[in-house]
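Participant: Take this structure first; my questions come after.
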Amino acid sequence: MAKRQYSRAAPSQRSRRADAARVVAFRVLQAVSEEDAYANLVLPPAIRRAALNKRDAGFATELTYGTLRGTGTYDAILSRCVDRELSQLDRPVLDALRLGSHQLLNMRVTTHAAVNETVALVRDQIGTGPSGLTNAVLRRVAEKSWDEWLETITSDTSDVEALALRHAHPAWVVRALRQSLKLHGRSDDLEALLDADNVAPQVHLIGLPGVSGGEANLAAAVEAGAEPSQLLDGAASFSGGDIGLLHGVREGSLRVQDIGSQWVARALAQPAVQPGERWLDLCAGPGGKAALLAALASEFDVHLTANEPAPHRAKLVEQALAAVDDTAWSVRTGDGRTISELGTSFDRIMVDAPCTGLGALRRRPEARWRRQPSDLAELTALQQQLLDAGADALAPDGLMAYVTCSPHMAETVVQVQDVLRRRSDLHILDAHQVMADLALPGGAEVMTARPTAADDVAAKCVQLWPHIHGTDAMFFALLQKEPV
């Protein structure tokens, strides 16, 4: 729909300027909805450009992420308050109404302030025309509390649809998560998982092993207030402010990386390593796991090839690996499905395949509404092709890790089952035991105290969960090639 020009008046000629924090949130929502931007990438520079103080930056962050997470539920509420289909509203107006609804129903903002500030935002950023509609709609929203609205919009829905609305997830995602939890013996955990998806994740740190300053800078971060991980050595959680102020972040020895990602990368390198091995990260961009693998490769005197098909992402991989001795790694720009063109076999391969990202919804609040069930067909076909390419390039007795940041069965256990059916030269190892062996006592306990899975293959795969492990919902399977 074309943008409607509601008013030709300059912002200074309208009644008053909008609050700066709300303007930042509105513009980020516009970038997300109109440019397919990612809020976690757009918001921080927007806050810096607006020179928001700490309090206003926190307000803008909660307003942005909270509105994006709750989009589907807020739309269900707004549809009861607007006299037309929401699709008939211009997108900027709908974004403003969502922002106002979040303030009214889920932030400690008075009704007067939420309505008036949103109306001022509309006048300032869009024009005077839709300000009356904005005022009227938000006053209807304000007539009920959050709980009252949830009762209203779920009164005639199925159980799954009610959960979807109450926890702000698409219904198809709720179904997928329920199926995966059941497969892994956690049928009673659905609401706990949905709740965890709506809580901002902790920032996890890693001091790159073997890199100058890595361990010392992680120790300094702990001295500054970071909490050492109870799951994995060399990791910590940080909630003390600006990560960029920690020693080692700028030069790359100290990194931000989810503990789940750290754990699966270390697990691939855990079983006895022989000097001179060849390692491959088949889908390396943007380079987080590749950097850790490269650091471990340098320690073990082996070589990592980091493969990435997109040239701009391959450059990001090079930047991510720059802190590691460059004799330990190289970057290949090319389709992972053609890795056999190198004519080289590899002793350890990471297949961190492109996926729906349903395991990282805490980090990308807009992703739950952007993904569609139809995405699965293309992604699962690609995952299958990458697994076969990895298996073809795997040396006899070599290890291949299959990793996704999604718990969807079609992208995880089903892919492993299928590759084992297709190929007689692979068998599956117990990934729980491998991850337990390298973990701290707390991590070993959660790995070995797992519930009974509904399938023999699933029982040997690790599925991490945000509500249990405090990590992204990372999936990890470890396959080994038969000897010659």
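Cβ atoms here come from the backbone N, Cα and C positions, even for glycine.
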Participant: The S-adenosyl-L-methionine site in TrEMBL includes Cys283, Ala284, Gly285, Pro286, Gly287, Gly288, Lys289, Glu308, Asp335. Which of Asp242, Asp258, Asp352, Asp375 is also listed there?
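Facilitator: Record check against TrEMBL: S-adenosyl-L-methionine site with Cys283, Ala284, Gly285, Pro286, Gly287, Gly288, Lys289, Glu308, Asp335, extra candidate from Asp242, Asp258, Asp352, Asp375 is Asp352.
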Participant: Can you tell me how many other Cβ atoms are located within 10 Å of the Cβ belonging to Gly287 (S-adenosyl-L-methionine binding site)?
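Facilitator: So the number of other Cβ atoms within 10 Å of Gly287 (S-adenosyl-L-methionine binding site) is 25.
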Participant: So if I measure Cβ to Cβ from Lys289 (S-adenosyl-L-methionine binding site) and keep only same-chain residues at least 6 apart in sequence, which ones fall under 8 Å?
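Facilitator: Lys289 (S-adenosyl-L-methionine binding site) has long-range Cβ partners Ser261, Val264, Ala265, Asp281, Met350, Asp352, Val403.
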Participant: List, in sequence order, the same-chain residues at least six positions removed whose CB sits under 8 Å from that of Gly285 (S-adenosyl-L-methionine binding site)?
Facilitator: Glu308, Pro309, Ala310, Arg313, Ala314, Leu316, Val317
Participant: Counting across all protein chains shown, how many other Cβ atoms sit within 10 Å of the Cβ of Asp335 (S-adenosyl-L-methionine binding site)?
Facilitator: 15
Participant: Can you give me the Cα-Cα distance between Cys283 (S-adenosyl-L-methionine binding site) and Cys405 (active site, nucleophile) in Å, rounded to a whole number?
Facilitator: 13
